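Contents: one structure, followed by commentary.
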Amino acid sequence: MFASDGNAATQWMPTGSVTVQVPGKINLYLAVGDCCDNGYHELVTVFHAVSLVDQVTVRNADVLSLGLVGEGANHVPTDEHNIAWRAAELMAEHVGRAPDVSIMIDKSIPVAGGMAGGSADAAAVLVAMNSLWELSLPRRDLCMLAAKLGSDVPFALHGGTALGTGRGEELATVLSRATFHWVLAFADSSLLTPAVYTEFDRLRDVGNPPRLAEPGPVLAALVAADPEQLAPLLGNELQAAAVSLDPALRCALRAGMEAGALAGIVSGSGPTCAFLCASATSAIDVGAQLAGAGVCRTVRVATGPVPGARVVHAPMSRGLNDM
């Protein structure tokens, strides 16, 4: 297919679609600095991508559009208030084109659940448009665009396990060959990240929660591939704020531990709770008991680490149209 804006030379526009699979994340360790003058908090965190994924399909279109299906889709905006929409505009601006694509997101990552589902979708749009438009932008350019969109977007590109600093966008790969087994408990409620940070600042002013130790032991446990070594080291300084805003999380955390998890933690700003298990069999057992305990909306079993945003369906060959 060829197209022209009436002024520029006719250019090639690939047809077809691209689907990108992108994982949610949990924070194995999250230490929060004091609020800076710019309103942000400096972070030290250990990101861990898990096998709960969204699928994002991007096609060429006459105008930019966005649709969603799946987990929490009715609660997500489908206009410029959605970070995936802004990702399409940013990519198009970067390469000097109009953002004429349709985006369809099939969600499994919970909305406002502390697993960076929106950031994951934005990363997926960048990867999909890079492939669909055959731009061949290098990874460093994608990471630069990702950082402009939000603090969690670069890790959604990166995947695996990584140490994040700054606002979370500065990443260093953590090498771990192990597969860790998780049970994820979705809450009935949602928590907005700004509200959690506001509550965190209030609690810190009165000395709660205590600050975490340095993340070195967490990194060592990951390298050792030992879930029992890792379990007591999981920590999240935002957890107290999340629980303060949603006290029902205490019941979920307690139920997961009583079901046999090695450790439980609120993921990021919450309210999703992540439970580390000793094995795949243990994760299934813990998930079944947690699902029957009536303390959460939905339970998912997942593994990590997994890769970041990646194409799972490449564009169709030139000259071929969609069926």
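Every residue, even glycine, has its Cβ placed from backbone N, Cα and C.
Summarising the annotation, Swiss-Prot assigns active site to K25 (among others) and lists sequence analysis as the type of evidence. Long-range Cβ contacts of K25 (active site) within its own chain (separation 6+, distance under 8 Å): F47, H48, A49, V50, M115, A116, A120, D152, F155, A156, S267, G268.
Marked as ATP binding site by Swiss-Prot on the basis of sequence analysis: P110, V111, A112, G113, G114, M115, A116, G117, G118, S119, A120. Using a 10 Å Cβ-Cβ cutoff, G118 (ATP binding site) registers 25 neighbours.
D152 (active site) carries neither a helix nor a strand DSSP state and counts as coil. According to Swiss-Prot, the active site annotation covers D152 (among others).
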Problem - Structural state of A112 (ATP binding site), classified by DSSP into three states - result: coil
Practice task
Based on Cβ atoms within 10 Å, give me the single least packed residue among the binding-site residues A112, A116, A120.
Solution key: A112
Handout entry: ATP site, defined by P110, V111, A112, G113, G114, M115, A116, G117, G118, S119, A120: further same-chain residues with Cβ within 8 Å of the Cβ centre
Key = G24, I109, T272
Problem - Fewest other C-beta atoms within 10 angstroms, as judged across P110, G114, which are the binding-site residues - result: P110
